């Protein structure tokens, strides 16, 4: 096979293109990230903003301290509270200034902060002095009345006149109104301005006692009083003036400190704002540089990506164009292959139909011949012909089964059944096939009384295929079949043999179609079709199960099948009763029916006409579907049997025309389809109007059963294949080998003698468990040879029924059967008497 080059692989080119684009994107992202990282590092920490916040907080606290100071300088205030408040605010100011000092490394800022701290200290000292001056003013040694009263000239004259005229003992009761006190600055103004009485006498009551003896010294007394009062006022005013002068000086100093602090704070703020402004400008410049560099990087990456995309797009388009050409060729090849597959399918169906149709005639004729009396040699030829026919039919059926499974057209039909009985039937059906070189055993641990739902026919086909396969690959040794049902309602069946085994390299392909293990060189390959295990595998999957194989070359193989079942609330007795009633209903005597048989194969028509007439039916045959339609207009039949593939009107068209006839009879008359086609499901036949469907070649007893099921026959006896085989069924598959046949019959007789002895001894000892076990061992063989009377007794004993009469009858029947076998051997092989 030619290797695909790098440039010819679209996936590789697209992948490389995506990788390059991804690397370009990663490179661009990394470069941009580096620029952003540089910009981010420049932006952290933002120290100037923190410094501005600190100086702003300090300025706010200073304004707060100034407010507290003004309150403290008023006359009435809580000295302790305001003093602690002022101290707390000053501490905040110093905290902010110290934090700013530690945060900054600028020496000029440190000098400014030192100046501010010094001014604050001097301001605090000045405030303390001002407070002390105010306290001193408060502690002056005169009353407020003396301090604030000034006698006028008129008041002096009035006092003089009083003392001049008489001496009066006066009892005076006066009321005073005191004016609202003024602030510090107002009082400071009043010091340097004209004074005003702050107290006025509102009312005055005088009780006077006149005495003229003191008239002369009045002048002297008045002058003394006035002089005394003026002296006191003058002293107080001078001291007060000194204090107020000092207070004004302190106030001017305070204004100086405030102005200086304001200038220093403004200088600091200006410096910090100017520094921040420069920093922001530098930051913006750096950001512009980063953005420009990132833009250049993105532009380069974009151009590189565009260039990469263009190159790889051109390569991809070229490959897509080639791929489209290849796709067109591939589609043409696919269409050709599909046409071949359809042709193969049509050929397969056509061959299948063309084989099954004459095969039906052959089997039909053999069915007729088997009922005739003929010499043993001719009987043997007939048996060989039947064997060959069955071989051909098996091949065709396997091909059709595989085709249906491959197309997904196979269906499973779920119904209630007994897994125990199914496995028993399968096991017993192979007893006649096993030769004396093989040990054939079974372990069936399934509960006899339980009923489940699944497709028993498909399960039986699977197990049959595995057992047939084991027999085919085991020349000598043993074959063991074991079956059980797990707690999860999974049926597990194991078929184990000691045959040739499977090589490790063959295990992977044993379930492939048309594969046969072994080698033609060393003659280990077994003849076959290579379809058995492939069909088995697909059937197991169709049932929703699984199949596994364990094998060691030249030591044997074990196939394990697991199939899910659905448990039902039904007993085995109810299941058996239903089947018996259904069988009795469909086959209760001799047939008395009018049958129309339509087929373009005259040979098949003649064969089935004779077979049905022997059963008492009135048969009308017709090889033309048009004639059949005309016949149906004038005559009525109990049932219609018709082929599907006919030249003029096929079976589907025929049943459609029958159902369209305006008659209740034509709408309900049973119509059975007979066809060798395997690509059409039974459901499709029923949807088309058919009552049922039978696949060619049709065994006569199956056809008879279907007819009776459809019309409820009276007086017809349907015999199964096993019903008329008798003893011959024991050696049917080894009739060509006389010695083997004799060995099988002799073993049958000797085993029966052993069982007779076991039954007799157990009956004498009343050992019913042993009788039950012996009955279980006898039952399979008696079923094979069709000994119905014995089977009934054996089933009853196996189920635990205690009856001495039945055991005695059974012993007699087994002895009679042994005599019958001996007579059969003497007639069949007369040269040697038994």
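Placement of Cβ uses the backbone N, Cα and C atoms for every residue, glycine included.
Segment annotation: TrEMBL labels transmembrane segment over residues 12-33 (candidates 12-33, 34-55). Looking up the ranges 279-299, 300-320, 321-341, 342-362 in TrEMBL, the one annotated as transmembrane segment turns out to be 300-320. Per TrEMBL, the listed range annotated as coiled coil is 113-140 (candidates: 85-112, 113-140, 141-168). Counting only residues at least six positions away in the same chain, the Cβ atoms of 598, 599, 600, 601, 651, 674, 675 sit under 8 Å from the Cβ of residue 643 (4-aspartylphosphate).
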